[in-house]
Amino acid sequence: MTNSKGRSITDKTSGGPSNGGGFVDWTLRLNTIQSDKFLNLLLSMVPVIYQKNQEDRHKKANGIWQDGLSTAVQTFSNRSEQHMEYHSFSEQSFHANNGHASSSCSQKYDDYANYNYCDGRETSETTAMLQDEDVSSDGDEDAIVEVTPKLPKESSGIMALQILVPFLLAGFGTVSAGMVLDIVQHWEVFRKVTEVFILVPALLGLKGNLEMTLASRLSTAVNIGKMDSPIEKWNLIIGNLALKQVQATVVGFLAAVAAIILGWIPEGKYYLDHSILLCSSSVATAFIASLLQGIIMVGVIVGSKKTGINPDNVATPIAASFGDLITLAILAWISQGLYSCLETYYYISPLVGVFFLALTPIWIIIAAKHPATRTVLHSGWEPVITAMVISSIGGLILDTTVSDPNLVGIVVYTPVINGIGGNLVAIQASRISTYLHLHSIPGELPDEPKGCYYPFRTFFGPGVNNKSAQVLLLLVIPGHLIFLYTIHLMKSGHTSLTIIFIVVYLFAAVLQVFTLLWIADWMVHHFWRKGKDPDSFSIPYLTALGDLLGTALLALSFHFLWLIGDRDGDVGD
């Protein structure tokens with residue numbers, strides 16, 4: 001075979017007997033094909049994912065990662081060796097069967113979390129989402145360099161403006177959820193089956209476990225160019241939506257089990273019909289709400305990409321904008337409907353639960369067919385389930401607090417403080433994750449000061465992540481003031497807006513977000529150093545901690561206000 005540069009390659013394939021049983025000599029001449037295009041075609045058939053050597057790490061010049069060679073030029077044979085080393089696929093199967101043999105990447109990647117993006121071969125999410133490739137020719141040799149995508153530079157003002165609108169939208173969504181919860185707390189199912197209150201933070205926390213994780217992961221994929229191809233984009237979307245339905249169903253069921261146990265421990269009473277109602281309500285709510293929010297989230301990500309807006313700034317807050325309201329409304333409606341059927345149509349409640357649980361194998365099959373989500377079906381449950389348990393503890397605090405008639409005013413503010421804190425910390429975690437994907441490799445941190453992650457390091461410094469932490473913290477007080485007065489103008493809640501109430505509430509909100517941003521700085525870098533994708537691991541923990549911190553600080557605030565005499569005025573009644 002002769003290419004356009006005069007190189008001759010003859011491919012001899014042994015075949016059956018022909019003219020006396022010799023070999024068949026296949027010689028192809030491709031004089032019309034340019035060598036660099038032909039090489040580009042070959043390389044595009046096999047995605048390249050590889051790890052830098054120790055001495056090659058962090059060598060970067062003008063946005064181009066160097067491979068540690070004396071020149072930027074690599075021959076095709078050298079590149080093939082890298083393919084063989086890091087993909088370990090069968091060459092015979094690849095050529096003879098016109099497909100990829102089942103294989104895995106280097107063992108070094110086995111601990112990297114969750115997803116693989118390389119045509120069905122097992123890899124990690126973090127490694128697969130590294131640099132895109134750029135193939136060029138110097139006119140004499142075929143040179144291959146890898147170009148690192150860069151985020152557009154953002155000033156603090158531009159960043160604040162991009163965050164402000166979705167932040168306010170998300171805030172009004174949580175305010176609406178708080179007002180709905182303030183109303184439905186008087187419904188019969190909430191009064192007779194108080195364990196439903198334990199479900200509230202756990203199910204609302206699904207937006208942190210699933211929706212915000214999906215938003216952050218797809219935002220990172222957009223920023224590093226992994227959604228430029230339509231096929232790759234829809235593989236990511238369909239696989240992630242199917243996976244999310246599996247997780248929502250399982251987490252919804254486990255949240256109900258946790259609510260049953262946590263509700264049984266204080267009083268020692270157990271009711272089978274209440275347990276079935278909790279399981280059915282939780283599973284149905286998680287499934288329906290997750291599906292609706294997932295579709296909305298995909299639209300936001302794709303729309304952000306087309307309009308040139310950084311999805312890291314808008315995707316996670318919009319993921320939560322109506323998430324709380326949708327989830328809470330569905331939970332209240334389904335649980336009240338099933339409760340009204342307990343005496344006359346007792347079989348409806350278990351049938352509802354069984355129906356949604358029976359759909360789980362279908363979603364598992366769909367998710368397993370997409371390489372981007374196959375691995376997480378086995379290894380991605382730890383953060384989701386742990387976050388659910390943390391949120392359920394916050395629900396127990398809420399259930400205990402609302403049992404006191406003097407502290408019922410906490411209900412309307414719980415979704416607000418929890419939602420705002422979770423939204424802001426999810427934005428920061430998503431931005432740090434994108435920064436790490438663009439400036440370092442999994443398991444290695446970029447050139448930053450070593451040592452403990454103390455608050456001064458998080459909020460003060462020249463880095464872009466320091467700047468975003470400052471902007472997010474500054475949004476807390478004006479944002480909460482807007483939401484407090486919105487609740488007041490809507491005549492909702494059971495608490496008068498006194499000066500001391502506003503001061504105590506804002507102190508709790510600022511302390512919550514300050515703590516979460518500090519923890520996020522450490523946690524995202526920690527998971528990256530461990531080779532785990534922070535988009536999938538950190539956000540569930542952070543939003544769950546936001547629920548726990550928000551509920552606990554709010555409960556302490558209301559206890560403090562009661563002790564000093566600033567008590568409820570039954571405004572909402």
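If you go along the chain as it appears here, the first residue is 1 and each next one adds 1.
Placed from the backbone N, Cα and C atoms, the Cβ positions cover glycine too.
Leu497 and Asp566 share a topological domain name in Swiss-Prot and therefore face the same side of the membrane. Residue counts for the topological domain 'Extracellular' (369-376) under DSSP, helix first, then strand, then coil, are 5 helix, 0 strand, 3 coil.
Under the criterion of 3 or more C-beta pairs below 8 Å, with sequence separation of 6 or more, the transmembrane segment (196-216) and the transmembrane segment (348-368) do not qualify as touching, having fewer than 3 such pairs.
Under 8 Å from some Cβ of the transmembrane segment (544-564) lie the Cβ atoms of residues 201, 204-205, 208-209, 386-388, 390-391, 393-395, 397-398, 401, 406-407, 409-410, 413-414, 417-418, 421-422, 425, 500-501, 504-505, 507-509, 511-512, 515-516, 519, all in the same chain and six or more residues away from its ends. Across the topological domain 'Extracellular' (304-313), DSSP helix (H, G, I), strand (E, B) and coil residues number 7 helix, 0 strand, 3 coil. It is 163-183 that, among the stretches 163-183, 348-368, 377-397, 499-519, forms the most Cβ pairs under 8 Å with the transmembrane segment (407-427). In terms of DSSP helix, strand and coil, the topological domain 'Cytoplasmic' (267-282) has 12 helix, 0 strand, 4 coil. Of the two recorded stretches, the transmembrane segment (348-368) does not lie close to the transmembrane segment (499-519), with fewer than three CB pairs under 8 Å once pairs fewer than 6 apart in sequence are set aside.
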